[in-house]
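Visitor: According to TrEMBL, the protein carries these features:
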type: TRANSMEM; residues: 31-55; note: transmembrane segment
type: DOMAIN; residues: 34-407; note: domain 'Amino acid permease/ SLC12A'
type: TRANSMEM; residues: 61-82; note: transmembrane segment
type: TRANSMEM; residues: 103-132; note: transmembrane segment
type: TRANSMEM; residues: 144-163; note: transmembrane segment
type: TRANSMEM; residues: 170-190; note: transmembrane segment
type: TRANSMEM; residues: 210-233; note: transmembrane segment
type: TRANSMEM; residues: 253-274; note: transmembrane segment
type: TRANSMEM; residues: 313-336; note: transmembrane segment
type: TRANSMEM; residues: 357-377; note: transmembrane segment
type: TRANSMEM; residues: 383-402; note: transmembrane segment
type: TRANSMEM; residues: 414-434; note: transmembrane segment
type: TRANSMEM; residues: 446-469; note: transmembrane segment
Amino acid sequence: MTHHESGAQPRSGDPAPRPALRRELRFMETASVSVGVMAPTLAMSITGVAAATALGRAAPLAFAVAALGVGLVAYGFVRLAGEFSHAGSVYAFVGNTLGPRPGFLAGWALLGTYLVFPPVSIMGAAIFGRAFLSIAGLARDADWYPLALSAWAVIWVLAARGVRPTTRSVLVFEVVSVCLILVLMGAIYWRLGVGRPPGGQALSSDVFVLPPGVGASALALAATTGFLAFAGFESAGSLGEESLVPTRMIPRAIITTVAFGAVFYLACVVAQTLGFGTGAAGVSAFRHSQAPLSELAQRYVGTPLASLLNLGAVLSALGAGLGGVTVAARMMFAFGRDGLTARRLSRVSASTGVPQRALALEMLIGLVLLTAFRLAGSPALNVFFYLATIGTLSLLVMYVLTNIAAARHLGRRSLWQVMAPAGGVLIAGFVLYHNVWPVPPPPYEFLPYLVLGWLAVGLIITTVIPGFAAKVDDGLGRATDVR
């Protein structure tokens, strides 16, 4: 494929034009990346069980509290995205407010997340693909690696076509998968409402009341699980140079994503809790379920819907992977353009407008990770959670840095505007703390050190590149749309 550095041809003696992305995305296309990376269908296929384990019948409260916390964290992103638009997202948000080195470190943390999140999504597609094949009777205990390779190839092909086809694919995948869950939720609520549940379950407001012996501390810890279901809400920020009106569209995209997630997650976890039942037997069944949506589909509708829900989770995972590689490629593009990494990563395809070399590097890193785990004989679920933990820890560091930046930036105008981002710092810091303490069991206890190592590499880069601060200041000054 032919590549070029987009921009006007320079006149003799003029500096070479800076590589540029295509500004062509409308609101829904912009928002689709945030929704896609958040992967609501995939999240609801996994996270409800952890909340039920901690809170029993009150599992929905974990997501209600989490939504409030995410709202505070998102506020800082919304305000900064309303003033700065850049392909490097938080690299520009933090760089323009706290300075070049914190800005690069925030972008480096985000890049660390999105180097591993696409393989996480690919593993999600493989896991639920195996479940579909098993329920459909097509294959029992299928090897996850060929399925993962298939998902990897699909993501690369779709991502290479251009940002508009990519975002539209993400949107279609998420709409289809969410609609399948809405069908299940409708069936559960209808059968409970007309008194025809499969096992004596009933509508109950107990899902919003903590059981005896479960206190506020347990609720706060359970809310950290709910918080992580929103991970990726900020992803639209990476489309700052491709959205048509970024300083309006990206804040709206983030707000819409968080609001949608809050309503959808709460309604879905309520449906799951009521579907299993609020009694001791129902709570136990929910806690020990390996595939709650599939189990409920079989109980309330039948095997065909259970199979379709597994396919829906595959689609959601593919959408998350597409969104993830989009974010990572834009961050690599931004770093390369400013001379902080290899400049060739900023080359943009003449035909698609995609930073193809950055995309190729992202995909090859994913392939290496997946292949290494396969050669090590790691089970699919272990691979999923190892990589998800690494990406989440790096993401939380970025959340803290971005909200510190928002607090400082907004505090220059009035002191009261500091309150929301300061709350975001505390909440993201709390979630980060409880992901590393108490010390998790091996091998998870070693994963925070991998993240620290990655961040240390970023710090080293800021000290060894000649004229680092000047390069960042110049790059952000020329590329950031400030309004």
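Cβ coordinates come from backbone N, Cα and C, glycine included.
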Visitor: For the transmembrane segment (61-82) and the transmembrane segment (31-55), decide whether they are in contact, meaning at least 3 CB pairs lie under 8 A, counting pairs 6 or more apart in sequence.
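Guide: Counting Cβ pairs under 8 Å, at least 3, so yes.
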Visitor: Against the transmembrane segment (103-132), which of these stretches has the most C-beta pairs under 8 Å: 170-190, 210-233, 253-274, 383-402?
Guide: 383-402
Visitor: Mind checking which residues of the chain, 6+ beyond the ends of the transmembrane segment (253-274), have their Cβ under 8 Å from one of its Cβ atoms?
Guide: 27, 30-31, 33-35, 38, 40, 43-44, 48, 51-52, 57, 59-60, 62-64, 66-67, 70-71, 74, 77-78, 81, 178, 181, 184-185, 188-189, 192, 201-204, 207, 226, 229-230, 233-234, 236-237, 282, 286, 292-293, 296
Visitor: Can you find at least 3 Cβ pairs under 8 Å between the transmembrane segment (144-163) and the transmembrane segment (357-377), where each pair is 6 or more residues apart in sequence?
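Guide: In contact, yes.
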Visitor: Please indicate, using numbers and ranges, the residues of the same chain that are 6 or more beyond the transmembrane segment (170-190) and have a C-beta under 8 Å from a C-beta there.
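Guide: Here the qualifying positions are 28-29, 32-33, 35-36, 39-41, 44, 203, 264, 267-268, 271, 274-275, 293, 296-297, 300-301, 305, 308-309, 311-313, 315-316, 318-319, 322-323.
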